[in-house]
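Summarising the annotation, TrEMBL assigns signal peptide to 1-25. According to TrEMBL, the disulfide bond annotation covers CYS39-CYS63, CYS43-CYS59, CYS46-CYS74.
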Amino acid sequence: MSSKYTFALICLTLVFIGLQDFTNAEPAIAFGYNPVEVCLENCAVCKKMLGAWFEGPRCAEACIRHRGTPIPDCEDFASIAPFLTKI
C-alpha cells in the first residue's frame, strides 16, 4: 500500500509542476501575437478616445514603418506625443 501511495503522490506532484509552468506563461507569448496588429489597434483606440486631437493615420503609418514598436499607449503622453495635433 505504501508504494501505491508514493506513486500517487509522485504523479500528483508532477501534474502540479506541469500546471505551474502553464499558469506562468504570458497569454501573448503562449498564443502568439503580432506587435503591428496591437499597435494598429491601439492607434484606433486612441483615435476614438482623443478624436480630432489625435492623428490616427500618422500613428498607423508609424506602426507599419517601425514594425509595431513602440506600441502607443493612450494614457502615456510620451508614447502618443508625436501623434497629437493642435486644433
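Note: Cβ is positioned from N, Cα and C throughout, glycine not excepted.
Features as recorded by TrEMBL, highlighted on the structure.
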| residue | record | contacts (Cβ under 8 Å, 6+ apart) |
| --- | --- | --- |
| CYS39 | disulfide bond | CYS63, GLY68, THR69, ILE71, PRO72 |
| CYS43 | disulfide bond | GLY56, CYS59, ALA60, CYS63, PRO72, PHE83 |
| CYS46 | disulfide bond | PHE54, GLY56, CYS59, PRO72, CYS74, ILE80, PHE83 |
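Each of the disulfide-bonded residues CYS59, CYS74 was assessed for Cβ neighbours inside 10 Å, and the highest tally belongs to CYS59.
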